[in-house]
Amino acid sequence: MGPPLSPRESARFVAENSRDVLVDHEGVRRAAELLLPAAAAWRVEQWKSLHELNPRGADEAALGWVFLVDSLNFSFWAEREDSKCAVRYGGTPYTGYWALCAAVNRALDQGIPITSASYYATVSLEQVRDIFRSDTAVPMPLMEERHRILNETGKILLEKFGGSFLNCVQKSGRSAQKLMQLIVENFPSYRDEAEFEGKRIAFYKRAQILVADTWSVLEGKGDGCFEDISSITMFADYRLPQILVYLGALKYSDELLKKLLKGEMLLNGDKQEVEIRGCSIWCVELIRDRLLELLEKGENSPVEINSVLLDYHLWDYAREHREDMKGVPFHRTRCIYY
């Protein structure tokens, strides 16, 4: 079997051959119309102001923060909604992905050089447990895997890129696709691939979000001026499919819906899990295309809407509408890829 299809082609192939997940074209149209009023104002510069935990700089240190966080950006969902890992920082308790960011910032404030490759290449499991400790009785999931990835990733960054993710970014020649390939080729934990209907496919959720966050932290300038940023798709995790189902743009079969409502686990690489992720990516591509059509028809000046900005907005929308979405199940998969 040859190299995997790209995330976009993987998504198209999965959507065309999916049995339990369907992209609803009328729902896509309605979702685009719902998002339209906000879409014209989306800008890469908003990433830093989007959340108080994101780094404010656009330098090597900020890139080091982004690389560390995206290397650990997986599996934050709680077994029970009323019992979650939370990290208190600056007087505020954070859950999910933001608990990770809060723990990193807490460690940096305490003088622990957690974003330095020479530190996390040799950090012990005990130190990792302490750095990412929860302020509730519920620990952050997959702590052993996080420790292993920190050691592995740190060693590779030191050996191949002089300990700096900036060197990796500069090798990409300002290409989002080249940077994604460099990440996937050099760092094994980013190889988010599967087999589906006889083809090798790839979603590369963390590699793509690392490219997107690099673009965002550098505000699309200098080393982060990726002309091909629109080739990056949405990041196939467990929250985005939930919001797409809530918006009516994605539909599940009765069999799959029953399984998800019961809280049954789906293994990474299972056919239904692949269908959920692939169809979600394709759904967002279609919403983006529809948004661009609507914006072109409007009075607005041309706007660059890409799947990265759309993903950021949908993810925030999901957090804002968490209560409304309680009846929509998310798929439960424990893995290091998302």
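Including glycine, each Cβ sits where the backbone N, Cα and C put it.
Annotated N-acetylmethionine per Swiss-Prot: Met1, in sequence order. Other Cβ atoms within 10 Å of the Cβ of Met1 (N-acetylmethionine) number 7 in total over all chains. Secondary structure at Met1 (N-acetylmethionine), taken from DSSP and collapsed to helix, strand or coil, is coil.
For His51 (queuine binding site), the count of additional Cβ atoms within 10 Å of its Cβ stands at 12 [all protein chains shown]. Here Swiss-Prot flags His51, Phe235, Asp237, Asp311, Tyr312, Asp316 as queuine binding site, drawing on similarity to another entry.
Annotated active site, nucleophile or transition state stabilizer per Swiss-Prot: Asp237, in sequence order, evidence recorded as similarity to another entry. Sequence-distant neighbours of Asp237 (queuine binding site) (same chain, 6+ apart, CB under 8 A from its CB) are Lys205, Tyr338. DSSP assigns Asp237 (queuine binding site) to coil, not to a helix or a strand.
Take His51, Phe235, Asp237, Asp311, Tyr312, Asp316, the residues named in the record as contacts for queuine: the widest Cα to Cα gap among them comes to 19 Å. Counted over every protein chain shown, other Cβ atoms within 10 Å are most numerous around Phe235 among the binding-site residues Phe235, Tyr312.
Secondary structure from DSSP puts His51 (queuine binding site) in coil.
Within the same chain, the residues at least 6 positions away from Asp316 (queuine binding site) whose Cβ sits under 8 Å from its Cβ are Leu50, listed in sequence order.
Phe235 (queuine binding site) sits 25 Å from Met1 (N-acetylmethionine), counting Cα to Cα.
Here Met1 (N-acetylmethionine) is positioned 42 angstrom away from His51 (queuine binding site), judged by their C-alpha atoms.
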